[in-house]
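K.L.:
This is the feature table in TrEMBL:
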- Cys80: active site, nucleophile (ACT_SITE)
- His168: active site (ACT_SITE)
- Glu170: active site (ACT_SITE)
- 195-386: domain 'GMPS ATP-PPase' (DOMAIN)
- Ser222, Gly223, Gly224, Val225, Asp226, Ser227, Ser228: ATP binding site (BINDING)
Amino acid sequence: MQHDKVLILDFGSQYTQLIARRVRELNIYSEIHPFNKIPKNVSDYKAVILSGSPMSVRSDEAFHPDLSAIRTKKPMLAVCYGAQYLAHFSGGEVAPSNTREYGRANLSFVKGGETFFKNIEKGSQVWMSHSDTIKSLPENGVLLASTEDVQNAAYKIEGEETYAIQFHPEVYHSTDGKQLLENFLIHIAKVNPDWTPDSFVEETVDKLKAQIGNDKVVLGLSGGVDSSVAAMLLHKAIGENLYCIFVNNGLLRKNEFTDVLEQYKGMGLNVKGVDASARFLDALAGLSDPELKRKAIGRVFIEVFDDEAHQIQDVKWLAQGTIYPDVIESVSATGGPSATIKSHHNVGGLPDFMKLKIVEPLKALFKDEVRRVGASMGMDKALLGRHPFPGPGLAIRILGDITPEKVRILQEVDAVFINGLKKAGLYDKVWQAGAILLPVNSVGVMGDERTYEKCVALRAVESTDGMTADWVNLPYEFLQKTSNDIINKVKGVNRVVYDISSKPPATIEWE
Ligand SMILES: Nc1ncnc2c1ncn2[C@@H]1O[C@H](COP(=O)(O)OP(=O)(O)OP(=O)(O)O)[C@@H](O)[C@H]1O
Ligand SMILES: O=c1[nH]c(=O)c2[nH+]cn([C@@H]3O[C@H](COP(=O)(O)O)[C@@H](O)[C@H]3O)c2[nH]1
Ligand SMILES: NC(=O)CC[C@H](N)C(=O)O
Ligand SMILES: [Mg+2]
């Protein structure tokens, strides 16, 4: 059966895959292509979406593809850079904006009677991430919506099925984003929502069987959602030939090594715990640059997996629970032009000395999709509900260099915070939480004595996919009690602060 297809042209936005994923939620099939490789058969697509970009249209190197095969021939939706692009090169004006426009905004004006804004009202929350702004609309531009700071937040071109928006409908925090995509794709472009993906589990297990055959696979298992779901998929595909390795990198949460090993009992998986704390801490000694720390950790992980693979013998594959956000923030996914934000420890390829091939069955999915895949395999709710915890662990929450004493302090602080959330019934209302040890000492007074001790920050965010996030409005009473508990129980800390930054412009982790 032939499905209607949507073409997404990638200008390197962090969110391009998120556009594809929102489209997928509407049961519509889409393909992402780099902006400079527009497919020849454009007529096969029912609609085109232009993504955002780290590039500025005002730059000499601005991405400037020839869209004549698309414009006026196909319904087109231009997002952020796309919207600026249409304005800048067609008689409008784009300029650097006076104030930085990142994060939440609300529509203060919505033109009535427009299918594009069907079921979306004035006041609707939209998410911004840009530093250029559209000063004047292109030729035949008609204003469709504004926010308080952005006059030209949405426009269409009269006489065409061309729409442009400055905000990002693909991110979860644009509350009517999905509705807007539905309005454009289904009601304007008349795309048939007939693409229900075949059961991901069934399809993936078949693919894994064909790919791996009778080979042996080593899998990095972390206790987290992604690697556990990847392990279950591989277990279904290759059974006994899957060897799971859980590494203690010395940067786990308090008691996590034993707790996690305990949790896997009874799941039918073959799991081995490897304590490599000393190796990791040695590799990190003296490093304080975030990227150098991440790369050192990535390297030691691979060394440990490699050693284990040699012991098992004849291992051909290394499996990881890598998911899409790990990939997009580390490298440019479609060979396109996105910026590296931070190097996730599990991405970036294998060193030459290691001969294992990589298998990553969840690489195209987002966290909440992974959770749904896990649920469809009947996995434990508590495991699936666990907050994400980064592979480099506390190393990227101890700003600056790492010492065993700093790890101890942060493990204690983190345990007070996380156990407190659980006790207060708040854990499941938060997407991810943790504590950060700042490289700052401040003066305090305890029992009439002067102290000069560490400051910790608490971070709790809500998100669906980790790509955008907002800080959680934790009750004051809870923050008050947690702060007291931390300062009273954890020696070496005399000050607690709460992080109130959204992503973007901040990230969830501090490094
Ligand atoms: N301590 C560890 N031991 C072995 N492998 C690990 C460890 N930590 C991370 N990994 C590997 O790195 C991958 C990425 O880690 P990441 O934290 O993003 O995912 P996760 O731990 O599976 O899930 P979650 O995001 O819910 O914590 C994991 O899927 C796993 O393959
Ligand atoms: O396995 C991982 N290896 C990493 O190197 C890494 N860096 C960030 N994260 C997790 O990714 C999500 C987004 O984090 P950021 O907003 O800090 O980029 C959050 O859930 C982070 O905890 C990592 N996970
Ligand atoms: N997210 C985007 O597409 C940003 C576009 C452009 N780089 C800006 O900063 O305005
Ligand atoms: Mg993890």
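Even glycines carry a Cβ here, placed using N, Cα and C.
Those TrEMBL annotations? Automatic predictions, nothing curated.
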K.L.:
Between the Cα atoms of Cys80 (active site, nucleophile) and Ser222 (ATP binding site), find the distance and write it as a whole number of Å.
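P.N.:
Cα of Cys80 (active site, nucleophile) to Cα of Ser222 (ATP binding site) measures 37 Å after rounding.
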K.L.:
Select one residue from Glu170, Asp226: among these recorded positions, choose the one with the most other Cβ atoms within 10 Å of its Cβ.
P.N.:
Glu170
K.L.:
Give the sequence-ordered set of same-chain residues, not counting Ser222, Gly223, Gly224, Val225, Asp226, Ser227, Ser228, with Cβ within 8 Å of the centre of the Cβ atoms defining the ATP site.
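P.N.:
My list of surrounding residues reads Leu221, Val229, Ala230, Gly321, Arg386.
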K.L.:
Looking only at C-alpha atoms, tell me how far Ser222 (ATP binding site) is from His168 (active site), rounded to the nearest Å.
P.N.:
33
K.L.:
If you run the three-state DSSP split on Asp226 (ATP binding site), which class comes out?
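P.N.:
DSSP assigns Asp226 (ATP binding site) to helix.
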K.L.:
Where the criterion is a Cβ under 6 Å from an atom of ligand 1, which of the active-site residues Cys80, His168, Glu170 meet it?
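P.N.:
Not one meets the Cβ criterion.
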K.L.:
What is the total of other Cβ atoms whose distance to the Cβ of Val225 (ATP binding site) is within 10 Å?
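P.N.:
Total other Cβ atoms inside 10 Å, all chains included: 25.
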K.L.:
Quick check: of the binding-site residues listed here (Gly223, Asp226, Ser227, Ser228), which one has the Cα closest to that of His168 (active site)?
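P.N.:
Closest recorded candidate to His168 (active site) by Cα: Asp226.
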K.L.:
Grab the pLDDT values for the domain 'GMPS ATP-PPase' (195-386) and give me their mean, rounded.
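P.N.:
The answer is 86, the mean pLDDT of the model over that range.
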K.L.:
Please check the binding-site residues Gly223, Val225, Asp226, Ser227, Ser228 against ligand 3 and give me the ones with CB under 6 A, sequence order.
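P.N.:
Among Gly223, Val225, Asp226, Ser227, Ser228, near ligand 3: none.
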